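Undergrad: Have a look at this one before I ask anything.
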Amino acid sequence: MGVRRSLAALLAALLGCATSLVALTVAASPAHAAPSGNRDVIVHLFQWRWKSIADECRTTLGPHGFGAVQVSPPQEHVVLPAEDYPWWQDYQPVSYKLDQTRRGSRADFIDMVNTCREAGVKIYVDAVINHMTGTGSAGAGPGSAGSSYSKYDYPGIYQSQDFNDCRRDITNWNDKWEVQHCELVGLADLKTSSPYVQDRIAAYLNELIDLGVAGFRIDAAKHIPEGDLQAILSRLKNVHPAWGGGKPYIFQEVIADSTISTGSYTHLGSVTEFQYHRDISHAFANGNIAHLTGLGSGLTPSDKAVVFVVNHDTQRYEPILTHTDRARYDLAQKFMLAHPYGTPKVMSSYTWSGDDKAGPPMHSDGTTRPTDCSADRWLCEHRAVAGMVGFHNAVAGQGIGSAVTDGNGRLAFARGSAGYAAFNATNTAWTRTFTTSLPDGVYCDVANGTFVDGVCDGPSYQVSGGKFTATVPANGAVALHVEAPGSCGPDGCGTPPGGGDDCTTVTARFHATVTTWYGQEVAVVGSIPELGSWQPAQGVRLRTDSGTYPVWSGAVDLPAGVGFEYKYVKLNRTAPWSGSRAATASPPWMTSGGGCSQNFYDSWR
């Protein structure tokens, strides 16, 4: 199958192609509220290098109002070249040293924490404290910082007596004792009931707190008895004064079932709400979102729930809705940021093809490449929803009201008098006059742009008498809030400042994850002459190499403001081309990039 997208225009945020049916020549801004102090949105920069995270905090996360970054495990881990350095090697600790991991050095880690704090962004560490290494890793060589080990022997840290006696895999998941004392997929299960083990784990976490870490995701928390985990957490220090000086924020990975519920751990901190992931993912994947005002009802209490569309496990092993359906995936993440239930965690990851254990873009020695959102296999999904983080912050504490639906795939609602959002999970645009509680004035559409340092780079809409008219893009959204004033040009609202005339051409950068056979090439073709007018031989050839395969990339200059359709084709030596058009879909309106350029990320299996 090919991948085909229908564009109303290249990019609304750059070219002003989202439209309002209200035409204005003069428009006053409302009395907008001061920026909210609420910053609780977490972004999981999965497998990112420490230096790349520091850069992202400074340039993107801080300015857009993200509250925290969940970083990958920072402790020394196994190194598995025979497995092509899989992502999960990082979840097998060899020691609690921070000296060297695939993501950088201790000094790099410290600089990241300090840089992010200066940007107003907390660091939450993914803490692997239930276990050490697994059976398959024994004999693989020293850890990432050079430490020797065997499955039940870690010189200077743990010996055989520090592990539980049930040295076999969990087989009966209905037996709570077995789930918490036997081995998870062959990983050496620590005897967390031991005061010595509790002290060692607490010392590791306290070292991170001393370096400025503000919180922890407790990996595999349900496999640690509640009392043991409470004993460990009771030993923790207070966090940096910049974060209030209290105890660190704790959220625990608890995949609830009939044996162990999320409620078993909420007295220790927040928990990851996996049922939310299933509910929101199915709803947006199926275009059935009209009922979602009540999302979260019957689940973990909102103040204890960390919610997500996908995480690094579910995108591989429970892939209901992922980046491979980018439009609906981005739309679901935007909805999560607009809805009041839970503490949202946005995913940002990388692509892989076929092999779900594949590590991030890396050098030949297995260390991670710097993140480049326009190259390699990095997806940088959080940038596509960055504008909605400000919406989430601005409407904190406001409930849902004035909800309207149009069939199963369209839903709009107010967040009190602080914001209004509309979502369209269908393949056709939705034009409507919406009734809000917003003060009259002009607002920036942060679903299709961002508002940073007083500048709106997306469309604007005028609210008059509490009403505004908008066309919500197919598989898109519109979102307005009181902390993001907009502006209207001489041609009215619905366009970015300047009327979208700043760019005469736009550089379109295509990044397609495509599996090919030897001798095949990949091209992008489309409905305009610059993309070959659907003629494969005239399309734009994409390139790859051993370091970036299966991601094929290429760029072409296109006329600004011109709508087009495109797809990918495989070019063969023995046949002219192969590939077919897929169903029409709308791409994300806001992806990574800036200036007169736009990135397109797609996957074609």
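Glycine is no exception: its Cβ is also placed from the backbone N, Cα and C atoms.
Since this is a predicted model, take the numbers as computed values, not measurements.
Features from Swiss-Prot:
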| type | residues | note |
| --- | --- | --- |
| ACT_SITE | ASP219 | active site, nucleophile |
| ACT_SITE | GLU253 | active site, proton donor |
| BINDING | ASN130, ASP189, HIS223 | Ca(2+) binding site |
| DOMAIN | 500-605 | domain 'CBM20' |
| SIGNAL | 1-33 | signal peptide |
Undergrad: Please report how many Å separate the Cα atom of ASP189 (Ca(2+) binding site) from that of ASP219 (active site, nucleophile), as a whole number.
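TA: Rounded to a whole number, the Cα-Cα distance is 13 Å.
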Undergrad: Any idea what the Cα distance is from HIS223 (Ca(2+) binding site) over to the residue listed as 'active site, proton donor', rounded to a whole Å?
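TA: For HIS223 (Ca(2+) binding site) versus the residue listed as 'active site, proton donor', the Cα atoms are 10 Å apart.
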Undergrad: Near the Ca(2+) site, what residues other than ASN130, ASP189, HIS223 in the same chain have a C-beta no further than 8 Å from the centroid of the listed C-beta atoms?
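TA: The surrounding set, listed in chain order, is HIS131, GLN180, GLU183, LEU184, LEU187, LEU190, THR192, ALA220, ILE224.
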Undergrad: Which residues, sitting 6 or more apart from GLU253 (active site, proton donor) on the same chain, put a CB under 8 Å from its CB?
TA: ARG217, ILE218, ASP219, ALA220, ALA221, LYS222, VAL271, THR272
Undergrad: Counting across all protein chains shown, how many other Cβ atoms sit within 10 Å of the Cβ of ASN130 (Ca(2+) binding site)?
TA: 26
Undergrad: Here the recorded positions are ASP189, ASP219; which one has the lowest number of other Cβ atoms no more than 10 Å from its Cβ?
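TA: Among the recorded positions ASP189, ASP219, the lowest count of other Cβ atoms within 10 Å belongs to ASP219.
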Undergrad: Specify the count of other C-beta atoms within 10 Å of the C-beta of HIS223 (Ca(2+) binding site).
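TA: I count 23 other Cβ atoms within 10 Å of it.
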